[in-house]
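What Swiss-Prot says about this one:
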- GLY78, 81-82, THR86, 88-91, 106-114, SER118: 5-phospho-alpha-D-ribose 1-diphosphate binding site (BINDING)
- GLY78, ASN109: anthranilate 1 binding site (BINDING)
- SER90, GLU226: Mg(2+) 1 binding site (BINDING)
- ARG164: anthranilate 2 binding site (BINDING)
- ASP225, GLU226: Mg(2+) 2 binding site (BINDING)
- 248-265: compositional bias 'Basic and acidic residues' (COMPBIAS)
- 248-271: region 'Disordered' (REGION)
Amino acid sequence: MSVLERIIRGSDLDREEARDLMCRIVGGELSDVEVAGILVALRCKGYTSEELVGFVDGMMEHAVKVDPDVERLVDTAGTGGDELDTFNASTLAGLTAAAAGVPVAKHGNRSVTSECGSADILEALGVNIEADPDTVKRCIEEVGFGFMFAPKFHPAMKNVMPVRRKLGIRTVFNVLGPLTNPARERVTGQVIGVYSENLLDLVAGALAELGVRRGLVVYGLDGVDELSVTCENEVVYVDDGEVTDRDTVAPEDVGLDRADPKDVAGADPETSAEEARKILGGELPVDHPKVQMTAFNAGAALYVGEAVDSLEKGIQRALDVLEEGRALEVLEKVVDLSS
């Protein structure tokens, strides 16, 4: 029986089977029709954490790796594909966490649903998003922040992109993006935002199986794949390779003000970059909704990076960094070093 037939019948794949299937997909061994059928069948069946881990194994076998010499390393990423067009808080949060002393390996791509994805805004800010692995390694080691542009570090994905574009639906690859950081072997902490509440436990289980030391999988209940100041947030905790807790966190619970969705709306890359400089450089007050949402996500990064022992302490440290303009200094160094 073919893998496609098994998936259609509702059978789950084990880790090795999922790895082998992904290697065949990204290795160009299957036709576009076969790949499309498998992607649609998987989505209809639903994924398991074990399947996700196997798919990660397969993708990483074909990835270009980055191996920075740091003791701890964090990634802040979302799946994209959320329901609201918010500004890119996770990217600014990564720069803020780096300014607070936690190295960040940011893995991202261009926009999925908003006007401005992580690659779009960093490019508009002057970062060379096409930097090679050695340059990214230096950025992480010397500045504390490096960006890995997904198409450059996962070149085999070119075999899948035409099918994904033609399908025009979310597939397992939307979920795999945050789990396939090219520096994965060095990543000790991760904040992953998901586009659906149904993905929380699934992704947390995969993150635990992949052995992350500390992780948070988050979903803003108004449909945001980041920690949001506009609503309650569902948060699943991963600690030492185990899913340990699940909680609902409102902005007010961690000392932040609730905002209206329009106050954290996204914009085109040029406008977003201009605003990002103000946020990172301390030009906006600490009670500004976008400053607070950046601090919310940066606080989570500091928590998973083991720089603080609570989300609240991480948020306060992030607010201090932003008020002092130190995150903008990190950005400027990354721009210089990546060019």
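In case you wondered, yes, glycine gets a Cβ from its N, Cα and C as well.
Feature map: annotations from Swiss-Prot on the structure.
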residue: GLY78; record: 5-phospho-alpha-D-ribose 1-diphosphate binding site; Cβ within 10 Å: 29
residue: THR86; record: 5-phospho-alpha-D-ribose 1-diphosphate binding site; Cβ within 10 Å: 27
residue: SER90; record: 5-phospho-alpha-D-ribose 1-diphosphate binding site; Cβ within 10 Å: 29
residue: HIS107; record: 5-phospho-alpha-D-ribose 1-diphosphate binding site; Cβ within 10 Å: 27
residue: ASN109; record: anthranilate 1 binding site; Cβ within 10 Å: 19
residue: ARG110; record: 5-phospho-alpha-D-ribose 1-diphosphate binding site; Cβ within 10 Å: 17
residue: ARG164; record: anthranilate 2 binding site; Cβ within 10 Å: 17
residue: ASP225; record: Mg(2+) 2 binding site; Cβ within 10 Å: 29
residue: GLU226; record: Mg(2+) 1 binding site; Cβ within 10 Å: 31
Between GLU226 (Mg(2+) 1 binding site) and ASN109 (anthranilate 1 binding site), how far is it from one CA atom to the other, in Å?
16
Find the one among the binding-site residues SER90, HIS107, ASN109, ARG164 whose C-alpha lies closest to that of ASP225 (Mg(2+) 2 binding site).
SER90
For GLY78 (5-phospho-alpha-D-ribose 1-diphosphate binding site), the three-state class that DSSP assigns:
strand
Length of the line joining the Cα atoms of SER90 (5-phospho-alpha-D-ribose 1-diphosphate binding site) and ARG164 (anthranilate 2 binding site), in Å:
24
